[in-house]
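Asks: The transmembrane segment annotation in Swiss-Prot covers 6-26, 68-88, 97-117, 138-158, 164-184, 195-215.
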Amino acid sequence: MNENLFAPFITPTILGITTLPIIITFPCLILSSPKRWLPNRIQILQMWLIRLITKQMMTMHNKQGRTWTLMLMSLILFIASTNLLGLLPYSFTPTTQLSMNIGMAIPLWAGTVIMGFRNKPKMSLAHFLPQGTPTPLIPMLIIIETISLFIQPLALAVRLTANITAGHLLIHLIGSATLALSSISMTVSTITFSILFLLTLLEIAVAMIQAYVFTLLVSLYLHDNS
């Protein structure tokens, strides 16, 4: 097989126009809003998960930080549903694109930092210089803390991109091996298929965990600045 290993990660286009904006709207079709007095089982499960995540993630925040509840819940649902849809055959996962993940990380990170400098300027500046620092080390520590601050959105985006991309590559490789071995040894092919099935279950868990980790880190940045 001469297929490019990274071909599934190329953004699909129609007549040279990217279809990424259309793909991003797909999660809205899954997370439907209730139109009746009594919601169905899927909507009940959806609301239960939202309440559970909200309780775990927003308990540590003050009144000002809790104004971000809707934003953070929308973020985790969007990333989780996008990752899960990307596991379907012949689909595309937008979160494998570093540019898109950076586009999500930078505005959220910048919003928390701006909030901190606007509401608690002295405390925000104090993060650049830990208490009790020796005088000769002050310039170096300020530079290090500044670099670590600006690396935060990049780390958010790279972590999500790397984990989702690595999982898709493993599924692609083991799936190709299963197909190739089916004409050689059915026993080995069955074993490989079993590994592929277990890996797919693992990727479903990773898809949801990475959405939770991304949102949790944004929540921690918000907690430090609110």
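Glycine is treated like the rest: Cβ placed from N, Cα and C.
The model shown is predicted, which means the values in this text are computed figures rather than measured ones.
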Asks: Can you tell me which of 68-88, 97-117, 164-184, 195-215 gets the most C-beta pairs within less than 8 Å of the transmembrane segment (138-158)?
Replies: 97-117
Asks: Using a Cβ cut-off of under 8 Å, list the residues of the same chain at least 6 residues beyond the transmembrane segment (195-215) that approach it.
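Replies: Cβ under 8 Å, 6 or more out: 53, 57, 72, 75-77, 79-80, 83-84, 86-87, 95, 105, 156, 159-160, 163-164, 167-168, 170-171, 174-175, 178.
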Asks: What residues elsewhere in the chain lie close to the transmembrane segment (68-88), defined as a C-beta under 8 angstroms and at least 6 residues from its ends?
Replies: 24, 26-27, 30-31, 50, 53-54, 57-58, 61, 94-96, 104, 108, 160, 164, 168, 171, 200, 203-204, 206-208, 210-212, 214-215, 218-219, 222
